[in-house]
């Protein structure tokens, strides 16, 4: 954005927050990134003048078609919605229209919205030098069982008020200051007792086509019926409530990588300030390229000087070289509209100050959430791909998987490939039913979360990290891959054979470093690293983001190359750890036609050993007591040794 770029160095030199008005377009300058009605057209239509603020009053047929084409493009860019400003042009004239011109312009925009089947919501009306200026939210109308979905991850240090804020937003009741609101969200008994979230929670906030909240809790139990909310809503905000405590960091990282949030809401307690895991969670969101906005809570109980100190530290953190954000303090509806329309640039960081007890500024936060547009883009003609982040076994239904549709279109009774299994194979399965937010639907598109009931498959064969893909993709699982990683923190040095947990989408598995482009890695180093999974192969993509962590060690990176596919390996080829584990578990004294995995590997590696037959089997039986650890460690092993000695003597193996 032109105005943002021109002022980039200005706000970074001061400690005061940046006013939101600086991001508004200048009356005498052109700003192609702002949502003006006079935006110059591309695609060879620049000869039709639509830069004047009066073009909407009585447009010609050519101008009307150009404006309609422009609105369609902006709706596509905004994933189904955009902010349209009436009374502003980019031809240098002063802003504002008189009453009659404004009425005619609104009628023109309403006509265009009807053509593209969209609703208009008046956001604000303000007076300028030339008259009135009105801002409208144009949102695409959806069907009865469809809605726009925006996922917001809620992170922050423990006791910052994450669950309390979500309880107030979703249930519409203010908190009593003693944990009343958060009790409605907890899923486990120990969470209710301790007041701390330990699992990934999901809560929804619905907005209708007029921008009003539709959440109405049940009068008796106080619970929310998701089906009724989805039926009334044109837009759903899905909150991913993550744990703030350090010991649940693994769960928080999985929520950020596996649930694919569009935005991240960082919670900061005004009385405690930036402490504990606040910087960790902010760094994680920045590493995954998720836009962040900040909510400062508990302003009703915090002294003014402490609140100002917290805001000053927060602005200093956001402007630091690691973040390079532009903090904007949101204080009124004008600030909300300006920040929401420019938030997708990922440079601006709005800061809200709220109280869950008094309800102060909660209306500004709800308005901002209503204006957020989903960031994920996907075309329906692409091959379908769905990542699994949880599994269930529902009585009377069978196996159910939940997760996120990454791309494409999935319909009822579609045949998909589920995998990879421990051998890297994919199994054909059929979709029995589809639910979105507990509401039955017939199809899901890219960027939407859903649950599928699958036919004729056991829950035990499915794990987190598996995918369901279209057969057109011809999927292949990989044991090894290369990634370019940046070490954010490590106490000493990282060298080959180092093992740590890799988070990549919904995948969460330990991987070993085989080789690196540098001898060793320290904090701040960047290198190309060759990884190998230790347990099962996974389905990966080039340019997929990953988080590499173990204890206090943290690194982020991007996959650059997939090195090895299981389709190119023998069926019995597994990592050495698995082969060794199986060879010690299974006894060699079974039926004569049975063969141990260790013997199978030996036979695969050496054809001569397979030709010898009995002698090779006797040699394997002789070696077994040694690998088992001696006769005294395993019950009854000494008798087996005697039996083996008699067997080898009779066959001449000795």
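Backbone N, Cα and C atoms are what each Cβ position is placed from, and that goes for glycine too.
Remember, it's a predicted structure, so these values are computed and weren't measured experimentally.
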The annotated region 'G4' range in Swiss-Prot, which must be one of 293-296, 297-300, 301-304: 297-300
For the region 'G2' (195-199), mean pLDDT (0 to 100): 61
Binding-site residues (159, 162, 245, 299), the one with most neighbouring Cβ atoms at 10 Å: 162
Outside the region 'G1' (156-163), six or more residues from its ends: residues with CB under 8 Å to it: 181-182, 185-186, 196-197, 201, 241-246, 266-269, 272, 275-278, 281, 297-298, 356
Conformational class of residue 245 (GTP binding site) under the three-state DSSP mapping: coil
